[in-house]
Amino acid sequence: MSRMSVSLPGLEMKNPVMPASGCFGFGEEIGTLYDLDELGAIALKATTLEARYGNETPRVAETASGMLNAIGLQNPGLEKVLSDKLPPLASKEVPLLANIAGSTMEDYEAVADALSASGRVGALELNISCPNVKQGGIAFGTDPDLAAELTERVKAVSHVPVYVKLSPNTSDITVIADAVEKAGADGLTLINTLTGMKIDRKTGRPLLANQVGGLSGPAVKPVAIRMIHELRQQTTLPIIGMGGIMEAGDIIEFIMAGADAVAVGTANFTNPFICPELIGELGSMLEHEQVDHLYDLRAEEAGVR
Amino acid sequence: MKKENMTITNHRRIARNIYEMELEGKLVQETAGPGQFLHILPPASDSMLLRRPISICKTDKKTSRLTIIYRAEGKGTNQLAFAPEESRLDVMGPLGNGFPAENVSPGEHVLLTGGGIGVPPLYDTACDLREKGIELTTVLGFSDKETVFYEERFRELGDVYVSTEDGSYGTAGFVTDVIASEKLSFDRIFACGPVPMLKALEDAYPNARGSISLEERMGCGLGVCLACVCRSREDSDGTDYRKICSDGPVFSWGEVLL
């Protein structure tokens, strides 16, 4: 085992770095820039039962050290994901974490069942935290009872481990995390974006067509670190941490806070080569520190594990 | 597509808030025709994460240099305006698909129509068409006299008409007013400018042959993030779309919903 490899339910990763859902599509475009097998895993763009166009434009706005997005879960729908998006990834070995979303529990069940049975997906990421759709999404992520029920139902139909992606838009993330853990979640991913807004000074109105959007980028990193640290005090579940990672030092900070692997989101838009660059830098840093494994960087008393 | 630190070899203001910048680098060799764009990271800032899509105005593969023209409008482009010559810029490109100048046959008369900061990509297009001996007429629209640029450059390549919204230069009104009043005829039209201008043109000439170039706030510039989509005209179930960055920014006349 190399000093970078990590083993998570359904995801045997040769390094702890994956692009975050929604920031990498299904790998088609960035797969022309480098070999996707350099990645630890890939979190795929959210899939819903039916095709979705998403929101009107503008869908993105820059903020200080961050960006707001309101794409609205645009995707071609389950059938096309199975027929067009997964087959090109068949020749690759990189583990896949398939993000699933829906408006009803039945939607989630149908997508979970079909994607997890595809044979190419290592684990599911239950999206109960998208702030940009009117129905479903975040509604399931802010009510612990609904989150637990959905987790339980998806677990019952899934053929692979299920991670639940948590929203930071809640007064106490530990309550939701506890509810989904008791409902059988195999892991947690966090954080999704923070709800925000930008006003266009020319018009006096919200700049994004959807009015609100999800804030990501380095601006949200301290929130992510705090929430991961907080959850690590109460759970031994694997955590995939994300929120504003821009450099290898950020990855180490997430691991120290209690994450077992990390996802890189917004940085892919600034630099589409960022993931392999970070993997290279992290390797050099670990070699320089002369640790046997990435996890050896953690303080001994950190968390319940 | 390359990601490269290009060198600024020339940088000057050419009209109010309008800057012309010449860049040198290897990616110039990868340009595949007029109307592609660069995705530029604003210099000297940790707080700006998004690149700015800026059309290529002129390419010169022999010298590995290209020219862009941008309007200093927001935080990023205002920062760009301060970038000194000889300094370097983090650039991705060339991106997108340009105007199909190669499809134009000898003997055709092409009308180029540009509005404001939509004018630059038409210059490279005009140069390519002139090289093929195509006859050109150019109609340029600006807000006012202070923002007019490249009129003389286009005049070297064919007839040029200029309009300004406030009437302070050329014909008062919009490019569509000029085309109508001058009774300009054409076999093909290439247009780039604000959406209301493009929509007015497509409405006025619904059966024309040609292409339009769109702009939109972009994320990745590669077709990954789906920030810059638009609907197609033939949208049967409400989910059909085009990505402006990677399917466009140039689309066939009438292809997308404006």
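The backbone N, Cα and C atoms fix where each Cβ goes, glycine too.
What TrEMBL annotates here:
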DOMAIN    A:5-286  domain 'Dihydroorotate dehydrogenase catalytic'
BINDING   A:S21, A:K45, A:A46, A:N99, A:N127, A:K165, A:I191, A:G217, A:G243, A:G244, A:G265, A:T266  FMN binding site
BINDING   A:K45, A:N69, A:A70, A:I71, A:G72, A:L73, A:N127, A:N192, A:T193  substrate binding site
ACT_SITE  A:C130  active site, nucleophile
For A:G265 (FMN binding site): DSSP state (helix, strand, coil):
coil
Ten-angstrom check, please: count other Cβ atoms within 10 Å of the Cβ of A:G72 (substrate binding site), all chains counted.
21
Say you check the Cα of A:K45 (substrate binding site) against those of the recorded positions A:S21, A:C130, A:G243, A:G265; which is nearest?
A:S21
Spatial neighbours of A:G243 (FMN binding site) that are distant in sequence (at least 6 apart) but have CB under 8 A:
A:L190, A:I191, A:S216, A:V220, A:K221, A:V223, A:A224, A:I225, A:G265
Give me the count of other Cβ atoms within 10 A of the Cβ belonging to A:G265 (FMN binding site).
26
Rounded to the nearest angstrom, how far is the Cα of A:G72 (substrate binding site) from the Cα of A:N127 (FMN binding site)?
13
Just the number: how many Å between the Cα atoms of A:A46 (FMN binding site) and A:T193 (substrate binding site)?
14
Expressed to the nearest Å, what is the distance separating A:A70 (substrate binding site) and A:S21 (FMN binding site) at their Cα atoms?
14
Could you give the Cα-Cα distance between A:S21 (FMN binding site) and A:T193 (substrate binding site), in whole Å?
11
